[in-house]
Amino acid sequence: MLPYLFCALNGSDPTLISGGISSTDLSAYFKLIFLGLIICISLVGNLLISMLVLRDRTLHKAPYFFLLDLCLADAVRSAACFPFVLVSVHNSSAWTYSALSCKVVAFMAVLFCFHAAFMLFCVAVTRYLAIAHHRFYAKRMTIWTCAAIICMVWTLAVAMAFPPVFDVGTYKFIRDEDQCIFEHRYLKTNDTLGFMLMLAVVVLATHGFYAKLLLFEYRHRKMKPVQLVPAISQNWTFHGPGATGQAAANWIAGFGRGPMPPTLLGIRQNLHNQHRRLLGMEEVRSERRLGRMFYTITLLFLVLWAPYIVACFWRVFVRSCTIPHRYLSITVWMSFAQAGVNPIFCLLLNEDLRKVLRAHLPTYWRTKQHLPQDEAYCIM
């Protein structure tokens, strides 16, 4: 059985196996099942996370607004682009629609790819600001700032995906990939090199910001001891950064002369500023958990898209190259899987999302979960 499966994935000549089924039909069958699972998982998972972020006010923060945008984009990609791939696979790797519809589907596929790359880059920048420059982040990262960042990301993605529409033959159906996509050709033929270099630079810059964040956390892994500044005393009236409430008590008791030392007011003001400027331990843990979740999403994007990007650069730099069909097929379906794995890892790595999910479960399931084991069996 395994040799026939390898033959089917390799795209070799159709041969009959047991039951009269050809290897090509078997390959198409597995592709349909795999892509159908991706579509179902992507739609259910991404829409579930989007619903949780929209309904729960505790998640109305900058990181979750960006996560909402990513989830909605993946859901739209699964609903708008993948069904055409299913139809082409079912029709023996053939496009049965018009050339204009092929350009529209290819435009959407490239748009969502660049949108994910640009959004993950912006998330990496904001994660670094949240840890290294928290005062600036807390003051400037409002809902309007998030909306402006999201609009900028979509604008950049459209700017990258729209120009090839006017180039004749750039967006076309690739039979080996079973999809309408950007046709990558030799670098002297069209502008494919600049198109691919932009994507590679954005992905590398994103990981560069996470490396910079890791170095910052490593350098600040130990807190410096508090430097106590001694108070200044003039005739029993203490003032300065190290003064305490005893200064006011001494002034009321009649020790010394001079104006009332504003020590208590200064202490309150310093504590208030310190609360706004510095991160508490729980806030640090929360920001780090969010950073790990988003970096996992970024790493998955790199792992699942890197083989396909390598194949694209192979076509760009090697004239009349021949990419093995099995390798190209695997890389294309890995890029499809990226839309389905994100919600799974978001729920696994984010405790806040799991708490909100448990809170919005039906009352019957929550009651059943907290019942003793014997009573649960009685209900069942």
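Quick reminder: no glycine exception, Cβ is built from N, Cα and C everywhere.
What TrEMBL says about a protein is an automatic prediction, not a curated fact.
Among the features that TrEMBL reports, domain 'G-protein coupled receptors family 1 profile' is placed at 45-346.
Under the heading transmembrane segment, TrEMBL lists 32-54 (among others).
Here the transmembrane segment (66-86) has long-range neighbours at 32, 35-36, 38-39, 42-43, 45-47, 49-50, 53-54, 97, 105, 108-109, 112, 115-116, 119-120, 122-123, 126, 146, 149-150, 153, 178-180, 294, 297, 336, 338-340, 342-343, 346, meaning same-chain residues at least 6 beyond its ends whose C-beta is under 8 angstroms from one of its own. Summarising the annotation, TrEMBL assigns transmembrane segment to 66-86 (among others).
Listed by sequence, the residues of this chain that lie at least six past the ends of the transmembrane segment (106-130) yet keep a Cβ under 8 A from its Cβ atoms are 62-63, 66, 69-70, 73-74, 76-77, 80-81, 136-137, 141, 149-150, 152-154, 156-158, 160-162, 164-165, 171-172, 179-182, 198-199, 202-203, 205-207, 209-210, 212-213, 216, 287, 290-291, 294-295, 297-298, 301, 305, 335, 338. Marked as transmembrane segment by TrEMBL: 106-130 (among others).
The feature transmembrane segment is assigned by TrEMBL to 142-162 (among others).
Here TrEMBL flags 193-215 (among others) as transmembrane segment.
Residues 63, 67, 70, 113, 116-117, 120, 123-124, 127, 184-187, 192-193, 196, 199-200, 203, 206-207, 210, 327-328, 330-332, 334-335, 337-338, 341-342, 345-346, 349 of the same chain, all 6+ positions outside the transmembrane segment (294-318), place their C-beta atoms under 8 angstroms from a C-beta of that stretch. Summarising the annotation, TrEMBL assigns transmembrane segment to 294-318 (among others).
Positions annotated as transmembrane segment by TrEMBL: 330-349 (among others).
Comparing 142-162, 193-215, 330-349 for CB pairs under 8 angstroms to the transmembrane segment (32-54), the maximum falls on 330-349.
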